[in-house]
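Step one of this worksheet: look at the structure below.
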Amino acid sequence: MKIVMEQKKDSKPLTKQSNIEKENKPVALNIKKLNIYYGDNHAVKDVSFSIEKNAVTALIGPSGCGKSTFLRSINRMNDLIPGARSTGGIIYEDVNLIGDDINVVALRKEIGMVFQKPNPFPKSIYNNITHALKFNGIRSKKKLDVIVEESLRKAALWDEVKDRLHESALSLSGGQQQRLCIARTLAMKPSILLLDEPASALDPISNAKIEDLIMELKKEYTIIIVTHNMHQASRISDKTAFFLNGVLVEFDQTDKIFTNPSKKDTEDYITGRFG
Amino acid sequence: MDNKTMTASQRLLKKSNKSLLQMELRGKSIVLISALIIITATISITIFLGTKGLQAFFNNGVSLYEFLTSTNWNPTNAESPAYGAVPFIVGSFAVTFLSALIAAPLGIGGAIFMTEIAPSWGKKILQPVIELLVGIPSVVYGFIGLSVLVPFLRDSVGGQGFSLLAGMIVLSIMILPTVTSIATDAMSSLPKGLRESSYAIGATRWQTIWRVLIPAAMPTLLTAVVLGMARAFGEALAVQMVIGNVRTLPSAITDPSATLTTIITLNMGHTTFGSVENNVLWSLALILLAMSFIFIILIRYLSSRRQF
């Protein structure tokens, strides 16, 4: 009997970046003609590209270029900003994430986010992680213990805090707090991690630890990271998207962007001529 | 003389800039004197209240034990005057805690509404309402309580209407602005990232408010309640008009009662300065002062535990 091979889902190339889609890597998010507005301000303009599964995608560009706005629209954090609205599509599996019918609470469990400034809850290290799990009805102490250890190990924090799990999270250093925030997000077992300049408020050593961690995490998670640090983007990401004035100027393999960008704006930006 | 023609010693040495230094000194003296006046006033009031309040026990032979444990208050009985202050101490604490019991959830609830639920229009309506509540003088609260609340309670829950219940309702409205405005400050001074990161791990708005924001703001929220209680404990006029002012210990919330402040205001006019009865009133005032110190210590302790 002949095995009928499943037809590869080769979506129609939407933009010039079609060469990437031809590699046929599994796609985590497919962004189609996304527009985001804050009141009259058109912050993200007609952005289309797809984000690969289990890879690190870096979003770079000068301040105010729309990269953070784009990142925040993926797990609908922009809903918290009055006057924000969006059109187009962010296709995740079989749903459009910008639809009004999305349960944003459930969405944010699958697509977790870590912010620039570490924001641990004023609770113990242990409770910072169990906090959201308890909302999901996980009450068994045993189960919680397992998830706490697992998440802290994944965030490379376990060895540093295993003896002081019940001390206040605010007693940790900035870098440790940020890894705790990552652990807290991982505990929800997300499939995509959104990182909004996660290392920019940290010292170089903590910064390096976060980068190592990201390299480790991409085996299991799709990671999208906003960064102002060009070296960081070139070190850790597989794909890089360069935003300027709300427009996606160029999206390609990170190597290509940093060695041989096809647009002049991209080259100017990464060589430090503006931004 | 401009800078170029002056030598360094003319420009930089203290003795050549006398007028400027004198101005500095003058400014410093003005604020120092203000501070000293405030400190002296507080200390002298404390010393005065301390000596007056203890005279009843040391000079007039009133038993401190009786004062603090007896429920019998009858200082005008010529044969065997009794000085048991327990009914008023209990009355003061009862109206204070009961009014805080109402004002705390209402005030904190209002604060959360203003900061979390409807920051734009909620604040526009509630803020002026709260400010208006602060501006109403206590005699007006008492008057409204006396002419509306007391008859209403008499008809609906029975008794005379003058009661702990009436005092508690009037006081809870009076301390509501204190609680609400400090609780609002507490909520809005929380870092924005705390809210966002809670939403970002999939918490609902209610879970975020209940499990993250309120615990994080707790020390300041408690400060709000304690400040409200301090105000309730010291309020005299409005309470006096609705509480009934009896000397007996209340056994139910609908019973009339009296507080330390109402007994002082009622009796200070017709006792002579230096008499035993007058001195005992000073002792009641000393209790009020001691309580306000306790409230202050409590607030200091709470603010030392603030995290944000």
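Every residue, even glycine, has its Cβ placed from backbone N, Cα and C.
Annotated features, as they stand in TrEMBL:
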- B:89-299: domain 'ABC transmembrane type-1' (DOMAIN)
- B:30-50: transmembrane segment (TRANSMEM)
- B:82-108: transmembrane segment (TRANSMEM)
- B:129-150: transmembrane segment (TRANSMEM)
- B:162-187: transmembrane segment (TRANSMEM)
- B:208-230: transmembrane segment (TRANSMEM)
- B:280-302: transmembrane segment (TRANSMEM)
**Fill in**
Near the transmembrane segment (B:280-302) in space but 6 or more residues beyond its ends, with Cβ under 8 Å, are 46, 49-50, 52-57, 62, 67, 75, 83, 85, 88-89, 92, 219-220, 222-223, 226-227, 229-230, 233-234, 260-261, 263-264, 267-268, 271
**Complete:** Given the transmembrane segment (B:30-50), its same-chain partners at Cβ distance under 8 Å and 6+ residues beyond its ends are 282, 285-286, 289
**Item:** Folded-back contacts onto the transmembrane segment (B:82-108), same chain, C-beta under 8 angstroms, at least six residues removed
**Value:** 56, 62-63, 66-75, 164, 167-169, 171-176, 178-180, 183, 214, 221, 224-225, 228-229, 232-233, 239, 243, 246-250, 253, 257-263, 280, 283-284, 287, 291
